Amino acid sequence: MIAIYPGSFDPITLGHLDIIERGDRLFEKVIVAVLCNPSKSPIFSLEKRVAQIRRCTQHLPNVEVASFTGLTTDYARQRNAGVLLRGLRVLSDFEKELQMAHTNKTLWDNIETVFLATSNEYSFLSSSVVKEIAKFGGSVDHLVPDNVAEDLYQWYKVHPPQVSPPTIMPTPQPFIEG
């Protein structure tokens, strides 16, 4: 079965990549469908986002990256995909995604939505959070693939923070009178 994982991916995060990698194991093919949404103002062009995702998914044999405009259900029908893959971080995501799944079902009866709970380490992560951290010069190296982190630092004209390893202090020894 073919699954579509739609989104704006501006930028792709390690949370997105986690869903893609898990989808790769579950489905015959996963199409990461990068949405061209005229109502959004992405920092990266559509072509740049597609290239970023292709670079960080090249190790996944069943993943294809493409862009689309219009309704996700129309795109799924064109690509013979029967599943929309969605990640859920928190309860509010579920409410929004469930409503969207019902709406998509009214648009095309043959589409199903499969929800994957995000891994714990990514439950707080969103593209908006990543952009905010990068904008103010914080490190996003642990939140996005390396190529995307470099692109973010260039976009915001900040230098990647130099993170030094933590200082290990010797454990104090108890004072023993002798």
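Think of each number as a place in line: the chain as shown, counted from 1.
Including glycine, each Cβ sits where the backbone N, Cα and C put it.
Around the Cβ of Glu97 (ATP binding site), 16 further Cβ atoms fall within 10 Å across all displayed protein chains. Following the DSSP three-state reduction, the secondary structure of Glu97 (ATP binding site) is helix. The ATP binding site annotation in Swiss-Prot covers Ser8, Phe9, His16, Gly87, Leu88, Arg89, Glu97, Tyr122, Ser123, Phe124, Leu125, Ser126, Ser127, Ser128 and is backed by sequence analysis.
Taken from Swiss-Prot, the feature substrate binding site applies to Ser8, Lys40, Thr72, Arg86, supported by sequence analysis. With a cut-off of 8 Å between CB atoms and residues at least 6 apart in sequence, the same chain places Ser8, Asp10 near Lys40 (substrate binding site), listed in sequence order. Secondary structure from DSSP puts Lys40 (substrate binding site) in coil.
Summarising the annotation, Swiss-Prot assigns site 'Transition state stabilizer' to His16 and lists sequence analysis as the type of evidence. The secondary structure of His16 (ATP binding site), as reduced to three states from DSSP, is helical. Neighbours of His16 (ATP binding site), defined as other CB atoms within 10 A of its CB across all chains, total 25.
The Cβ of Arg86 (substrate binding site) lies under 8 Å from the Cβ of Tyr5, Glu97, Met100, Ala101, Thr113, Val114, Phe115, Leu116, each on the same chain and at least six residues away in sequence.
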